[in-house]
Amino acid sequence: MRILADENIPVVDAFFADQGSIRRLPGRAIDRAALAEVDVLLVRSVTEVSRAALAGSPVRFVGTCTIGTDHLDLDYFAEAGIAWSSAPGCNARGVVDYVLGCLLAMAEVRGADLAERTYGVVGAGQVGGRLVEVLRGLGWKVLVCDPPRQAREPDGEFVSLERLLAEADVISLHTPLNRDGEHPTRHLLDEPRLAALRPGTWLVNASRGAVVDNQALRRLLEGGADLEVALDVWEGEPQADPELAARCLIATPHIAGYSLEGKLRGTAQIYQAYCAWRGIAERVSLQDVLPETWLAGLQLNPGCDPAWALATLCRAVYDPRSDDAAFRRSLTGDSATRRAAFDALRKHYPPRREITGLRVATGGQAELQRVVRALGAQLV
């Protein structure tokens with residue numbers, strides 16, 4: 001097999017070395033010419049895999065190490081008989097860790113008690129569904145809007161987007177980017193909806209940049225709108241709007257799901273799909289390539305405050321403010337310089353582990369145990 005992989009996909013050799021020759025390119029450089037002699041294509045969301053790129057190529061399998069598939073022309077895949085796989089849920093936990101870090105930063109700035117907020121989660125799939133589980137596990141009030149899932153689960157606890165925007169004072173977006181169809185999500189939060197948000201609302205977008213009208217959001221913030229905003233995704237990536245970023249509390253270069261586990265899990269999942277497509281046995285597993293965590297565990301004093309424990313456990317693993325600082329330093333120079341810096345921050349992202357790998361002792365204190373379980377850490 002002739003395999004072409006995005007150079008930023010990790011451990012490709014560990015999984016695919018015995019399957020043929022492997023060539024690597026930057027994801028944004030993968031085009032029609034690059035696919036002339038390729039059987040298997042492994043990509044991330046930065047590569048548009050379209051009819052124009054694939055027509056006439058020998059590509060027969062496409063794997064994307066992402067949850068979303070809006071960069072894949074699935075209609076053409078079906079027409080051309082091209083097998084494909086995404087990696088659903090691969091980085092979901094990393095995104096949840098990111099959102100929790102943003103909420104802690106917002107609470108610190110606002111002097112707010114996270115337990116007293118009402119949370120609105122838009123999109124309850126792989127990422128949003130996990131976030132809902134964590135928030136409800138902590139005992140917090142959560143509203144969920146997901147029209148496609150509501151249609152499949154008519155007895156589920158769902159609300160309309162209008163009700164969610166009216167009642168929630170924390171909104172976290174986790175939808176795919178759908179430009180058409182029954183439930184389009186491009187500019188789901190457009191100028192009228194953004195302008196109608198309650199004063200003091202916190203908004204987190206770690207889904208796709210165009211789910212929020214970036215220009216409308218910038219105008220509102222420039223006009224003094226009382227919002228706290230955390231953006232990990234941007235319209236026109238890798239070109240992020242520096243003026244919008246300057247008005248966000250947290251601004252990062254599409255790294256919410258960049259946990260080490262998430263990256264390796266994505267490669268493992270497309271390898272599993274590839275093996276199924278070829279009808280061969282899997283030779284390597286995720287556990288074969290996942291290194292030991294740097295922080296083995298934490299011991300909480302049974303008398304500590306649960307809110308302090310929550311913040312400490314989350315930040316022991318990840319604090320998005322470090323990524324925010326690095327991103328802001330990159331928002332200088334001309335457009336080409338900023339675009340290159342955006343991709344460089346992603347390419348050279350430092351190892352970051354998920355909270356699920358953290359072992360926590362609580363001395364048997366029930367409320368602390370509830371926090372640990374809700375976060376998904378390992379209770380010992």
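Using the three backbone atoms N, Cα and C, a Cβ is placed for every residue, glycine included.
So that you can see what the record holds, here are the features copied from Swiss-Prot:
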- Arg208: active site (ACT_SITE)
- Glu237: active site (ACT_SITE)
- His254: active site, proton donor (ACT_SITE)
- Ser45, Thr66, Tyr258: substrate binding site (BINDING)
- Gln126, Val127, Asp146, Thr175, Ala206, Ser207, Arg208, Asp232, Gly257: NAD(+) binding site (BINDING)
- Cys65-Cys90: disulfide bond (DISULFID)
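Overlay of Swiss-Prot feature records on the structure.
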residue : record                    : DSSP (3 states)
Ser45   : substrate binding site    : coil
Thr66   : substrate binding site    : coil
Cys90   : disulfide bond            : coil
Gln126  : NAD(+) binding site       : helix
Asp146  : NAD(+) binding site       : coil
Arg208  : active site               : coil
Glu237  : active site               : coil
His254  : active site, proton donor : coil
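When the recorded positions Cys65, Asp146, Arg208 are ranked by how far their Cα is from the Cα of Tyr258 (substrate binding site), Cys65 comes first. Counted over every protein chain shown, other Cβ atoms within 10 Å are most numerous around Cys65 among the disulfide-bonded residues Cys65, Cys90. For the NAD(+) site, whose binding residues are given in the record as Gln126, Val127, Asp146, Thr175, Ala206, Ser207, Arg208, Asp232, Gly257, the maximum C-alpha distance rounds to 21 Å. Taking the C-alpha positions, the distance from Thr66 (substrate binding site) to the residue listed as 'active site, proton donor' comes to 12 Å. Annotation: Asp146 carries the greatest number of neighbouring Cβ atoms among the recorded positions Asp146, Glu237 [cut-off 10 Å, Cβ to Cβ]. In sequence order, Thr64, Thr66, Gly68, Asp70, His71 make up the list of same-chain residues 6 or more apart from Ser45 (substrate binding site) whose Cβ falls under 8 Å from its Cβ.
Residues Ser45, Thr66, Tyr258 make up the record's substrate site, and a Cβ search at 8 Å around their centroid adds Arg44, Cys65, Ile67, Gly68, Asn91, His254, Gly257, Gly266 from the same chain. The recorded positions recorded for this entry are Cys65, Gln126, Asp146, His254, Gly257, and the Cα of His254 lies nearest to that of Arg208 (active site). Listed in sequence order, the recorded positions from Cys65, Glu237, His254 having a Cα within 10 Å of the Cα of Gln126 (NAD(+) binding site) amount to none. Per-site Cβ counts within 10 Å over the binding-site residues Thr66, Gln126 peak at Thr66. For the recorded positions Asp146, Ala206, Glu237, Gly257, a Cα-Cα cutoff of 10 angstroms around Cys90 (disulfide bond) retains Gly257. Rounded to a whole number, the C-alpha distance linking Gly257 (NAD(+) binding site) with Cys65 (disulfide bond) is 11 angstrom.
In this structure, the C-alpha atom of Glu237 (active site) lies 25 angstrom from that of Asp146 (NAD(+) binding site). Distance from the CA of His254 (active site, proton donor) to the CA of Cys65 (disulfide bond) is 14 Å. Proximity of the residue listed as 'active site, proton donor' to non-local residues of its own chain (separation of 6 or more, Cβ distance below 8 Å) is seen for Gly209, Asp232, Val233, Trp234, Glu237, Phe342, Arg346, given in sequence order.
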